[in-house]
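As structure tokens, the structure follows; a few thoughts come after it.
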Amino acid sequence: MANEKFIRNKTHLNVGTIGHVDHGKTTLTAAITQVLSARGLAKSRAYDQIDNAPEERERGITIKTSHVEYETEKRHYAHVDCPGHADYVKNMITGAAQMDAAILVVSGADSVMPQTREHILLARQVGVPKIVVFLNKCDLSPDEQILELVEMEVRELLSQYDFPGDDIPVIRGSALKALEGDAHYVAQVNKLIETLDTYIEDPVREVDKPFLMPVEDVFTITGRGTVVTGRVERGQVKAGDEVEIVGLKETRKTIVTAVEMFKKDLEFAQAGDNVGALLRGINREDVQRGQVLAKPGSVKPHSKFIAQVYVLTKEEGGRHTAFFSQYRPQFYFRTTDITGVVELQGDVKMVMPGDNAELVVTLNNPIAIEEGTKFSIREGGKTVGAGSVSKLLN
């Protein structure tokens, strides 16, 4: 039997729950599905179904993640919840689950905790555009003044990391009580869902962003010219478009004279398509794997940047020992490995397997990167870490 068709009649949004361990992220995820299933918009998922997350691999790293989907009258949501703190760090840094928005869950009974801070910082560094706060376990802390203080503390923390702390919606509730059917708390979960629909704008679809395609392979078609193949990362391209070849060498302009998919001419290619693009006046040796084709002026080559990285543990197949400044691994961006030198930041003297660290990286060759670009760190073809560019330095 054919798989059920995905009906695209609503805007799709990716969200995730973040926050300190045991503050109620998974319980809230279960409560959202239960409340929406009562309106016929979701399948109710029990706590242990979500908590029993399957393992996935992204950029050579194993991550436990639960994916839950639900709809509102306005949107279709894909919601990601991770069981362990390390899974969150890995998930956000590798971009395994790109979030258009995050629901920060803070226990009203415990207030801000270390991972609350760490998850907000990560959300800032990997470019999560919007955060909504759910103050959970308010049934355990009925004192209004205490809840006011907790809310104030959360808002201050968000402002500290450049989120609009004063304007972010904070919804008070109890995920557990909502699951038990308490009418007041069910209404608060409904209020959270309504807030997701109204406070978070529709994301700009990848198709509408400026064209970019990493070059995977290059070959010559006799009598026609040079063809580069790859998967369109974002935007669209059609015959007659001017593009730039960016990275590794001097940036060059050319015209795309044809776009093909599975040996058939395409009117245009868009984000997600695997295509071949025929380039005018370009020799085979002018372009190579690791470069990108991009809309002119949309992306520049860079070789020095600040990155947020997660270093794999020995058990995850990573290094057995720490590394220091002047460490020289390969950085795998999109389709290629480039050697680079690492400098540790601040008073950090070494980075241990399992650490989440900020590094300055200088690559041997400039390549097309932007803030938010993801990469793997490799040694001899083996993944030892994953990172995200947080700031360009040249």
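Using N, Cα and C of the backbone, Cβ positions are placed for all residues, glycine too.
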Which listed span Swiss-Prot calls region 'G1', if the choices are 19-26, 51-58, 203-210: 19-26
Residues flagged as region 'G2' in Swiss-Prot, choosing from 60-64, 195-199, 390-394: 60-64
Region 'G3' range according to Swiss-Prot, out of 81-84, 117-120, 181-184, 345-348: 81-84
Sequence-remote partners of the region 'G1' (19-26) [C-beta within less than 8 Å, at least six residues beyond its ends]: 47, 50-51, 66, 81, 83-85, 104-107, 110, 112-116, 119, 136-137, 175-176
Set of same-chain residues at least 6 away whose C-beta sits under 8 angstroms from Thr26 (Mg(2+) binding site): Thr17, Tyr47, Ile50, Asp51, Ser66, Asp81, Pro83
Helix, strand or coil at His85 (GTP binding site) [DSSP, three-state]: helix
